[in-house]
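Taken straight from Swiss-Prot:
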type     : residues           : note
ACT_SITE : C168               : active site, nucleophile
ACT_SITE : H471               : active site, proton acceptor
BINDING  : C3, H5, C95, C98   : Zn(2+) 1 binding site
BINDING  : C29, C32, C49, H56 : Zn(2+) 2 binding site
BINDING  : C41, C44, H60, H82 : Zn(2+) 3 binding site
DOMAIN   : 159-511            : domain 'USP'
MOD_RES  : M1                 : N-acetylmethionine
ZN_FING  : 1-121              : zinc finger
Amino acid sequence: MECPHLSSSVCIAPDSAKFPNGSPSSWCCSVCRSNKSPWVCLTCSSVHCGRYVNGHAKKHYEDAQIPLLNHKRSEKQEKAQHTVCMDCSSYSTYCYRCDDFVVNDTKLGLVQKVREHLQNLENSAFTADRHRKRKLLENSSLNSKLLKVNGSTTAICATGLRNLGNTCFMNAILQSLSNIEQFCCYFKELPAVELRNGKTAGRRTYHTRSQGDSNVSLVEEFRKTLCALWQGSQTAFSPESLFYVVWKIMPNFRGYQQQDAHEFMRYLLDHLHLELQGGFNGVSRSAILQENSTLSASNKCCINGASTVVTAIFGGILQNEVNCLICGTESRKFDPFLDLSLDIPSQFRSKRSKNQENGPVCSLRDCLRSFTDLEELDETELYMCHKCKKKQKSTKKFWIQKLPKALCLHLKRFHWTAYLRNKVDTYVQFPLRGLDMKCYLLEPENSGPDSCLYDLAAVVVHHGSGVGSGHYTAYAVHEGRWFHFNDSTVTVTDEETVGKAKAYILFYVERQARAGAEKL
């Protein structure tokens, strides 16, 4: 929106010496010292955290209004309202009086000058950091891809994703998907599409969460992000262009609230699928179909029309079998799926006392068994029997008719109890390799020896107590090495650490598919 408060609030010099040292994206809040979601005041250059960290940037604005309310405003006070601030990671500008993002500038273009100065500071800090690391590596006998920093192993080749304000749920999913090899390779090999018009060509576009633009492509921005994550040219990538498109086409995820990573993943895959079906990213429908032809036709699972890489990789088919307990009539229904949501069995959900610590541990097999076991539907789910002509008691059982190349398993850790959505914090043991899905197949005799074996590719973990709070990180394996992705920080880790994680979403890749990808 056009903000009328810029002239009275943007008072700092673009190259102000008052700015802190170091890269702007890692600046700390002057109150709580948090480096998450830093915002710089464009009146006094002080740095505070965003409203969904500890809210000190907003409090800074509110505190500045008290003298103006208690005293007659002087000309000097009119100019010092501390109303406008800038995100130190995405460089978007926000006005607290308008309570919205700002798209205009002052007559002298001060906002853009501050933005460019912050970008230069970020680039300088990054260049200095790379030079320092390169020098250390030259003098080190360690692996050329690794560098020991403060006792942890930092990955040089992997790229983190900057947190743009409680966007860790998006970052964890993006990092996980970038390590599903066949899926990632497909997007990286798509031709690039330039969406900017002549007025903005050659200039970086700074999107805000309230801007409107009909000419956007989720596929194109997703492709750019995947290309940036493993090119090794930077330690952290700022995905504001992708997030702008996400915020535009998926309004549920606008703002700075913490969101559910699984819900975001489903929305993302669904919208990628729909856009690829229509060829909206500038690639013709025939070109997309030609790309898809490289994937085995027998492994495609259509959801809402023609198959795409989304359904070819993640698509499976469930058989839902319902039996009437009165007349014995059997009803079968086939449902396509992109992921399976598994309950954690109730016997494992209660908190254990110290003397119960050595009791049985919940395993992924327990969750899969609970999902596929025969169950009697309760009174609220009576089945409409076409033979009996009325709702009857019945049993239900799921079979997997077709397994996907990438099996996504979502553990249902959040449950509604009364008016609260509580988290099930139970540890679930899961295999890092050799997950055998054969016993859950409808026709296991028709499957090949390795077609039912899956190896773990990525894990999304939720840290905290509630879906609307906490923090998301991801573990993923790349070229045989496990990495931990915590927003902009990427560290090398080991299998033991991964195995101890309290998984929320597990991504498994078919062993046959992985072997095929390695041959390409």
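Keep in mind that glycine also has a Cβ here, set from the backbone N, Cα and C atoms.
Quantities reported herein were computed from a predicted structural model and do not represent experimental measurements.
For the zinc finger (1-121), the model gives a mean pLDDT of 80. Cα proximity to H82 (Zn(2+) 3 binding site) (within 10 Å) is found for the following recorded positions from C29, C95, H471: C95. Close to C3 (Zn(2+) 1 binding site) in the fold, though at least 6 residues off in sequence, lie V84, C95, C98, D100, V102, N104, each with a CB less than 8 Å from its CB.
Of all the binding-site residues given, namely C44, C49, C95, the one with the smallest number of surrounding CB atoms inside 10 A is C44. For C29 (Zn(2+) 2 binding site), the same-chain residues 6+ apart in sequence whose C-beta sits under 8 angstroms from its C-beta are N35, P38, V47, H48, C49, V53, N54, H56, A57. Of the chain residues outside the Zn(2+) 2 site list C29, C32, C49, H56, C28, S30, V31, R33, S34, H48, V53, N54, G55, A57 have their Cβ within 8 Å of the site's Cβ mean position. When Cα-Cα distances from C32 (Zn(2+) 2 binding site) are compared across the recorded positions C41, C44, H60, C168, the shortest belongs to H60. Nearest neighbour of H60 (Zn(2+) 3 binding site) by Cα distance, taken over the recorded positions H5, C168, H471: H5.
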